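For reference, TrEMBL has these:
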TRANSMEM  128-149  transmembrane segment
TRANSMEM  169-187  transmembrane segment
TRANSMEM  217-236  transmembrane segment
TRANSMEM  242-262  transmembrane segment
TRANSMEM  383-409  transmembrane segment
TRANSMEM  429-448  transmembrane segment
TRANSMEM  460-481  transmembrane segment
TRANSMEM  505-524  transmembrane segment
Amino acid sequence: MGSVSIMHQSLSGAITNMAIVSTTRSTETPLLEDGTVDGSVDHKGCPARRSSSGGWRSASFIIAVELAERFAYYGISSNLITYLTGPLGQSTATAAENVNAWSGTATLLPLLGAFLADAYLGRYRTIIISSLIYILALGLLTLSTMLTSLSNLDCQNTNDIISCSTPKILVFSFIFSLYLVAIGLGGHKPCVQAFGADQFDGSDPKESIAKNSFFNWWYFALCTGVLLSIVIIVYIQDNLSWAFGFGIVCIVMLVALLVFLLGTKTYRYSVKVNEGNPFTRIGQVFVLAVKNRHNAPSATVPEELLQTLHQQSSEQFKFLNKALLAQDGSGEDSKGCSFHDVEEAKALLRLIPIWTTCLVYGIIFAQVSTFFTKQGSTMDRKLAVGLTIPAASLQFFISVSILVFIPLYDRVFVPIARTLTQKPAGISMLQRIGTGLFLSAVSMEFFYDEVPNELRSVGLSLYLSVLGVGSFLSSFLVTVIDKASGGDGRDSWFNSNLNRAHVDYFYWLLAALSTVGLAAFLYFSKSFVYSIGRSSYN
């Protein structure tokens, strides 16, 4: 469990730190201390001034919001399997499948939320809308658990076995509320961190360093929220009331929204450099590349375009260069795609193998809130008379290890590594991801950096999608193994009585998959080509 936590920090820290360079522009002409920030406006729509907007003042509001959101999310996810196997009466295997399915949905929906934010709504509006949905969902979740508690109380006062099962309408309302939370998370999660990164200008040397620290302390605050939730909320749920526990996280999210709104006048709001929907523009690259696959550049192609291709075009996926040409083979800008769009399309393709090799990590991390927690319920957790640690609170050690490591990483390791390697982040992003995968085999924000600049919310959601797809794959493995191992009267690997189960076999399988994933990662990372203009920072 400890190794998974360290790996989680390593991978997540690696991916988040890569966001430092995603919007870095040329620093050949330093901006004035009180000048305007290129590509950003204030709340009035005027060019954002460096002295009166953004920076740590604005970022502190956003970090507080993230702390509250993680407090709320882990107030649900960390102990969800206990509620499903307790008040709702599900088996361990069924509950694990349901937790994985919900967790997978919650961490895949940010792809949709990021699309809406980057293409239409903007991050600020998306955060507000998703926060309102989040709060509504938590309110309904509180009401559902309250009614279920009353129903179970009536059940204890009757000998009618049939009436002791939770009414289907209450089960439906609980599940509905859970997935409404997932919808709110889908818009909230990818935008808050990207919006926080927008408060720092990567082209300014001082703010670039501050952005580096921002992602580290962002993660520190995130883990603080998780730690508080699994200590306070889980204890309340297990010993006082589930409805009271969910009610607290609902109030916390409401306060977080108010805090976020307080910083409105201090924020920097990024503006699009290129006109048009970025998804449409990049999608057009693939369309034109296919249509022009048999076309050769005509004599009308400008010499400047040919020189640019020769000097700056990446060697990988050269077939996409055909998108630069118009249908007749010419290089007219009005008909062909821009060089920038073609290179960004290549960047997306380069991420696919790296993303795929990280899926095993997502499978492993899914076990923390399912089988790890159920195993904890079989342990002697009494600290003193009348004081028993809830099983889900054992996840406390994950957050503590991260909270201890992050300050050491940010204040000790990074400065030393920066001196030795001359790289702003100390060591490369792929090196940190590889270290995390290695620890997962015996125990991102890389994606933020390598996706197109205008799709930074999508870049963060790509990391979350690793966890989402990993949760679905975990659910699939549990379903298949449960049916295969539990046939002919045998005890399933995931028997509800863990003393008769063989979860250890499942963990050995995951260790083998981790080893394969690490080998695949090392193979693809050796040939990985960083996006043009960013490799120097790695």
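Using the three backbone atoms N, Cα and C, a Cβ is placed for every residue, glycine included.
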Residues from the same chain, set at least six apart from the ends of the transmembrane segment (169-187), whose C-beta lies under 8 A from its own: 69, 73, 76, 80, 88, 102, 105-107, 109-113, 116-117, 126-127, 129-138, 140-141, 143-145, 147-148, 151
Surrounding residues of the transmembrane segment (128-149) on its own chain - C-beta under 8 Å, 6+ positions past either end: 69, 72, 76, 83, 87-88, 113, 121, 166, 170, 173-174, 176-178, 180-181, 183-188, 191, 241-243, 246-247, 249-250, 253-254, 256-257, 260-261
When counting Cβ pairs under 8 Å to the transmembrane segment (217-236), the leader among 242-262, 383-409, 505-524: 383-409
Contacting positions for the transmembrane segment (460-481) when only residues 6+ beyond its ends and CB under 8 Å are counted: 12, 15, 19, 93, 96-97, 100-101, 103-111, 113-114, 189-190, 193-194, 351, 355, 358-367, 370, 444-448, 451, 492-494, 506, 509
